[in-house]
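Feature annotations, reproduced from TrEMBL:
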type: BINDING; residues: Cys42, Asp44, His103, Cys106; note: Zn(2+) binding site
Amino acid sequence: MGIPQKLVDGYRTFRQEQYAPLAEKYLRFAEGQNPDTLIIACADSRVDPSVIFAAGPGELFVLRNVAALVPPYMPDQGLHGVSAGLEFAVTALNVSHIIVMGHGLCGGVNACLHAPSGNVTGDFIPSWVELAAPAREAVERELPNGSDEARQRLGEYRTIEVSLKNLMTFPIVRDRVEASKLSLHGLWYSVYEGSLKLRDPETGKFEQISD
Ligand SMILES: [Zn+2]
């Protein structure tokens, strides 16, 4: 079985419509990359940072994983994919911004919220989404009797905050933030409205970004 024909067709469209007109720009990529922003987003197929920010190649350094989670700083022998990408973006690329972008209807957040029921199974997902346990605890505290929808949304917001907090446990991040060389931002994306809310660092509220 080959790769899906849809992808081959898409590749040919890319070659003709994207690469060919910008070939000079692409050829300069041989010299390196210089993105200014690291985006940590969910792997969800509906949440594509390049599409949402209308960004071309070379503009965004993107890490995607289940629920846009950042683990805390743990310099052990573990296989820390997110931490390695973060380290590269901060120390080698010198990004000025790190954006954690969560989203609506996030299955990873949902799994974490429902983990105590014992229904979340697998070799890797349960321990991974447990990184967001503080978000689940916040939901229990703040919305113990809320609707499923309200609890899910709050869980998504609080999960973004867990990742932002964990980012600050990395000395390379904390030092640059304290020196005002790096800023951290939280965004929440509605997969069906196609709209973004930005977390206000003063109030902690997520506010709609105007069109
Ligand atoms: Zn998700």
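Positions of Cβ are set from backbone N, Cα and C atoms, glycine also.
Those TrEMBL annotations? Automatic predictions, nothing curated.
Neighbour counts were taken as the number of other C-beta atoms within 10 angstroms of each residue's C-beta; across the binding-site residues His103, Cys106, the minimum falls on His103. Of the chain residues outside the Zn(2+) site list Cys42, Asp44, His103, Cys106, Ala41, Ala43, Arg46, Val47, Ala67, Ala68, Gly102, Gly104, Leu105, Gly107, Gly108, Val109, Glu156, Tyr189, Val191 have their Cβ within 8 Å of the site's Cβ mean position.
Reduced to three states, the DSSP call for His103 (Zn(2+) binding site) is strand.
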